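What TrEMBL records for this protein:
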| type | residues | note |
| --- | --- | --- |
| DISULFID | 74-84 | disulfide bond |
| DISULFID | 89-95 | disulfide bond |
| DISULFID | 150-166 | disulfide bond |
| SIGNAL | 1-23 | signal peptide |
């Protein structure tokens with residue numbers, strides 16, 4: 001009987017830990033009539049997306065200062081070495097560094113204070129690709145940056161009114177050329 005009680009307590013605590021440490025899925029879609037090479041940090045990575053393709057990225061709960069951006073005009077060899085006209089991250093396909101300006105950024109921190117995710121768009125480093133960042137849960141704000149000087153994005157570092165929140169465990173869509 002004690003074993004059964006201990007097992008129930010274990011599964012209860014396990015269920016609670018999943019409630020407070022939910023990862024998020026980012027579905028990144030290219031709707032542009034040209035190839036975009038999205039990149040993401042801190043998860044690392046990058047991939048080629050032709051028009052209509054989607055890359056799904058699972059980001060761990062507790063991730064802070066995450067960012068996703070599109071690179072354009074890229075050319076990589078079979079080993080993943082090359083360069084991009086915009087958003088280049090040290091000449092590699094699988095980014096470990098932030099992209100060189102100009103870059104339109106989707107920024108996020110997951111499972112932060114009060115069990116909330118925080119997210120925004122930024123063109124502080126310049127604009128290179130139209131972008132939309134949308135939570136998949138109802139009631140959270142969709143952000144769109146269709147062209148340079150977009151109203152939903154940070155334009156200056158001191159502009160602290162552009163960050164939005166959504167309950168932790170929310171999944172997100174990033175669309176290039178929405």
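Just so it is clear, glycine is given a Cβ too, placed from its N, Cα and C backbone atoms.
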Greatest C-beta neighbour count within 10 angstroms, which of the disulfide-bonded residues 74, 84: 84
Whole-number Å value for how far residue 95 (disulfide bond) lies from residue 84 (disulfide bond) (Cα to Cα): 12
Least surrounded among the disulfide-bonded residues, given as 89, 95, 150, 166, when other CB atoms within 10 Å are counted: 150
Integer Å distance between the CA atoms belonging to residue 150 (disulfide bond) and residue 89 (disulfide bond): 24
Pairwise Cα distance for residue 74 (disulfide bond)/residue 95 (disulfide bond) [Å, integer]: 13
